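Report on the structure given below.
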Ligand code: NDP
């Protein structure tokens, strides 16, 4: 008797343009694991019921994206250490009739920056723009990777304060305002974890933030990464990196949690990069 394919989904709002279904289909082909992976558009107020329905319909694992990463946390019976550190969930693993919550964003970012971009993150004075789900997922991982002082800047200052409090390293992690950026000197790592390009755009960033060896990293990819990465190039950043590699790596990490096998992310990344660059060049 053939076994039914493992059923997976990405929950978010919006999700229609997500690359995750393609990425997991490629991982399934590569590893020979039969699976389905669909994108389910869901508002925060409907998420608990949608997740229950997904379980009743034999869902075995899911990803969660904006704006549901925080809402997912209390729906988990257990969470991993790294998910607890960030307070946000991007991966749900079914255990019997309950969900185990994890967060693979930080690991995904580190794998891309260290292995693919060959960046040594240790002691880098770091500026993190944003304090939403993505920023909360990557901040603990960056600190674990040995960065130097971390400055968190967010449009809503109370969210930056809350992230800094959660990280709990007074003297090393600081909250600041966009208006302070001109007085902060330069950074060797600047991470854009905002969705600003999807709405009104980022507040103006002074070029004095960029020094001779600064790496500028955007968690976004595609169109949404163009404004920040163009600014980084104009400021002569040493390294300019978008979020495509992180996307593929966090997906590989989720796949491993569901199936016990880590797929090789490189061929999937290479294919998506080729398609992505062709699209951006065509614009
Ligand atoms: P959230 O909605 O949780 O957070 C959005 C963040 O962007 C908040 O800090 C918000 O600030 C800030 N923001 C939004 N608009 C503006 C603006 N006009 N000016 C300044 N700040 C603004 O989203 P996520 O954190 O989940 O995602 C952020 C981005 O990162 C998205 O583009 C997402 O696609 C990308 N991402 C990529 C991943 C990958 O694997 N490559 C993984 C995770 C995220 P405020 O709190 O003040 O509203």
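Quick reminder: no glycine exception, Cβ is built from N, Cα and C everywhere.
Residues annotated as domain 'Shikimate dehydrogenase substrate binding N-terminal' in TrEMBL: 10-92.
Taken from TrEMBL, the feature shikimate binding site applies to 18, 19, 20, 65, 90, 105, 221, 250. Under 8 Å, Cβ to Cβ, and six or more positions away along its own chain, residue 19 (shikimate binding site) finds 247, 272.
Secondary structure from DSSP puts residue 69 (active site, proton acceptor) in coil. Sequence-distant neighbours of residue 69 (active site, proton acceptor) (same chain, 6+ residues apart, CB-CB distance under 8 A): 88, 89, 90, 103, 133, 136, 137. TrEMBL lists 69 with the feature active site, proton acceptor.
Positions annotated as NADP(+) binding site by TrEMBL: 81, 219, 243. Cβ neighbours of residue 243 (NADP(+) binding site) (same chain, under 8 Å, six or more residues apart in sequence): 217, 218, 219, 220, 221, 225.
Within the model, the domain 'Quinate/shikimate 5-dehydrogenase/glutamyl-tRNA reductase' (117-198) carries an average pLDDT of 97. Marked as domain 'Quinate/shikimate 5-dehydrogenase/glutamyl-tRNA reductase' by TrEMBL: 117-198.
Marked as domain 'SDH C-terminal' by TrEMBL: 243-273. Within the same chain, residues 6, 8, 19-20, 22-24, 26-27, 30-31, 33, 35, 60-61, 63, 90-91, 93, 102, 104-105, 107-109, 111-112, 116-117, 217-222, 225 sit at least 6 positions outside the domain 'SDH C-terminal' (243-273) and bring their C-beta atoms closer than 8 Å to a C-beta of that stretch.
If you take the Cα of residue 250 (shikimate binding site) and the Cα of residue 81 (NADP(+) binding site), they are about 16 angstrom apart, rounded to a whole number. For the pair residue 105 (shikimate binding site) and residue 81 (NADP(+) binding site), the Cα-Cα distance reads 13 Å.
Close contacts with ligand 1, defined as a Cβ under 6 Å from any of its atoms, occur at 243 among the binding-site residues 18, 19, 20, 81, 90, 243.
DSSP assigns residue 81 (NADP(+) binding site) to a helix in the three-state reduction.
Around residue 81 (NADP(+) binding site), a 10 Å sphere centred on its CB holds 10 further CB atoms from the protein chains shown. Of all the Cβ atoms in the protein chains shown, 27 others lie within 10 Å of the Cβ of residue 219 (NADP(+) binding site).
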